[in-house]
Structure formats: structure tokens, C-alpha cells
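Trainee: Sharing a structure here in C-alpha cells format.
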Amino acid sequence: MSTLAAAPSTTPSRPQLPATFAEELRAKCVQEQRKIEQARPAPEPAGEISQADIASFSEHLRSSKRILALCGAGMSAASGIPTFRGSGRFWREYGGEISSMKLFSQNPSLVWQNFNYRRHRALKAEPNAAHFALAELASKKADFFTIMQNIDGLSERANHPATNLQHFHGSLFDVKCTNAACDYTETGNMTDPIVPALAQPEEGDLADPKTPMREVAPEDLPHCPECSSLLRPGVVMFGEFIPQSSFERVDEWATNGQIDLMLVIGTSSTVWPAAGYIQTARTLGARIAVFNIERPNEDVPNQRLREQDWFFQGDAAETVPKVMKEAISGL
């Protein structure tokens, strides 16, 4: 009796994807997300600011002894700094990952080109009227404290007192060593470009994927003058924690007495932990004044305004100086 031989077992070979597939897919996703963001309806137009609201706010501000300010990207939008909301979230074909330590460890040249571009934009920008108004108020009020979420350095250039300014996310103009055994840091480095190899192209905008981007060798990136290790931007990147020292400094001020007024400028106050300070201020007695294009979301507890609070809708560069002018002049 003959026996049929079993057919050899064959496993279908897995199709090989092109080496560039993942990169092309990510770029396509970013392109589609850009289209979605660009199609979003614009915020509702700002109405006229009530003179009665300005008067009641001014009266309370003048009588306030302790004032806390929380400032976000909307404060610098009029200066030409992207808000990183909507289409401003993207750089070339990259989203938020361009500011992550994960990508920095994989491709420090790419991440440094992004940060050097942002440094260049910030240095070309000028502080707007909101920066100057807040800086003047901070100078005139003895017990004033600002939590700054922006990294563009515009508040310092508007002469906001450094003694009552806490950066939560670092600064574009600070650098630090990547070597854990080296504690080298540098603050206020305004050199543009930070190293010659990172100079901006003579034509085009580096944020545009159509603008050619040069290859920068690792040895041409910023390096530590003490141990020769690679330097990194002195900012809190995605996936990193805000330094404990930042919390401690804010908490030391916030818990030192009643807070009379909190200014929320150019931020939707949805990002924690900074947004949590709104609730802290309320607990300590503060009335809240919001200056923002977008109306607070009443469904989010920390955004919900109370009857005694104020909302001044519009570009912070216009609303902040307009509303504060009367109060500041009386100080």
C-alpha cells in the first residue's frame, strides 16, 4: 500500500515594507492633521469689553495685595510666536515628538535644528503690549508672582522682574549638559545660531517641509565646555517632569497668605500642573480674571468662572493693556 508523502509545511513570507514606510506614514498623518486643524472654525469674535467690567476689575486690582499670574502661549501670539495649538503644533512633518527626549536621543541633530529655529524666531520677535503691561504691574505690586509657561524669553525682555517670575517649562536660551555626572548649565545664551552649523537657510522657512534641511554632524552640535558631552536645550521636553524646585518656589509664595487676585493670560488652563493653581488660588480667596481668545469651558471645573470673576475675550496683546491701563495708572 503506497503512502502519500506529506507536503512540506510552508509559511507565507511576511511582505517587506520599504525602509522609509514608517517615516512616510508619519509625515502623511501630520499632513492630514494639518488639514483638520486648518478646517477648524475660528474662535468666536470678541465682543466689546464692558466698561463696567473694566472698572470693577481695576478697583479690585488696585486694592489687591497679593496677585498671582498664570501666563501661556496666547500671550506671545501677537509677537509672532506659534501657540502650538492648531497648525502651529507642527514643525515640518513633525508634531509634539520633535520636542521629546526620545527623539533627541535618536536624532539630536534634528531636535537641535528645531530648537535653534525656535530660538531664532523668539530673538526676532519683540515683546508686545501684554508683556510690558504685566511687567509694569509686577514692578509696582510688592507681592506679585508669575507662573510662566512660555519659553520665549519675551517677558524678561519686557523687564519683568526676575525675582517674581517662575518658568515652569524652562527657557529656549538655557542649555545644560547631557552627561549625568556633569552639572554644567548656562542661562541666557542669546547667540544666534547657537553654533555655526545650525544657521538658518538663506532662503525659505525651515518649518516648511519643502525647505531643504542640511545634515548636521553630531560633532558640530553644541557641546559642553567642561566635559565635551553633548549639550541639550534647557527646557522641559515632552515626557519629562517639571523640576521639583519650580513647584517648591511657587508653593512657597502661594501658601504665604491669602491671594486676592489671579490673572490667567493667554492659556486655556487645561494643562496640569499649572492649571491646578487656579483651584489653589480660589481656595486661598482669589477672584479670577481670564484674558484669552477662547471662552473658558464651563464643563471643566478649574475653568468654570464664578459670578465675581472676569472674562476678557480677545488677543491678550490687546485686552491686557486695555483693561489694566486704568488700574496701573492709579498705582
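Yeah, the Cβs are placed from backbone N, Cα and C, and that goes for glycine too.
Below are the features listed in TrEMBL for this protein:
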ACT_SITE  His169  active site, proton acceptor
BINDING   Cys177, Cys182, Cys224, Cys227  Zn(2+) binding site
DOMAIN    47-331  domain 'Deacetylase sirtuin-type'
Trainee: Could you tally the C-beta atoms, other than its own, that fall within 10 angstroms of the C-beta of Cys182 (Zn(2+) binding site)?
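Mentor: Cys182 (Zn(2+) binding site): 14 neighbouring Cβ atoms within 10 Å.
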Trainee: What's the CA-CA gap between Cys227 (Zn(2+) binding site) and His169 (active site, proton acceptor) in angstrom, rounded?
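Mentor: Spelling it out, the Cα of Cys227 (Zn(2+) binding site) and the Cα of His169 (active site, proton acceptor) are 25 Å apart.
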Trainee: About how far apart, in whole Å, are the alpha carbons (Cα) of Cys224 (Zn(2+) binding site) and His169 (active site, proton acceptor)?
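Mentor: Rounded to the nearest whole number, the Cα-Cα distance is 22 Å.
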Trainee: Any idea what the model's mean pLDDT is for the domain 'Deacetylase sirtuin-type' (47-331)?
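Mentor: Value for the domain 'Deacetylase sirtuin-type' (47-331), mean pLDDT as a whole number: 93.
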Trainee: Whole-number Å only: compute the distance from the Cα of Cys182 (Zn(2+) binding site) to the Cα of the residue listed as 'active site, proton acceptor'.
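Mentor: Cα-Cα, rounded: 21 Å.
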Trainee: Among the binding-site residues Cys177, Cys224, Cys227, which residue has its Cβ surrounded by the fewest other Cβ atoms within 10 Å?
Mentor: Cys227
Trainee: Rounded to a whole number, how many Å is the Cα of Cys177 (Zn(2+) binding site) away from the Cα of the residue listed as 'active site, proton acceptor'?
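Mentor: Between the Cα atoms of Cys177 (Zn(2+) binding site) and the residue listed as 'active site, proton acceptor', the distance comes to 17 Å.
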Trainee: When you measure from the Cβ of His169 (active site, proton acceptor), how many other Cβ atoms are you left with inside 10 Å?
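Mentor: The Cβ of His169 (active site, proton acceptor) has 18 Cβ neighbours within 10 Å.
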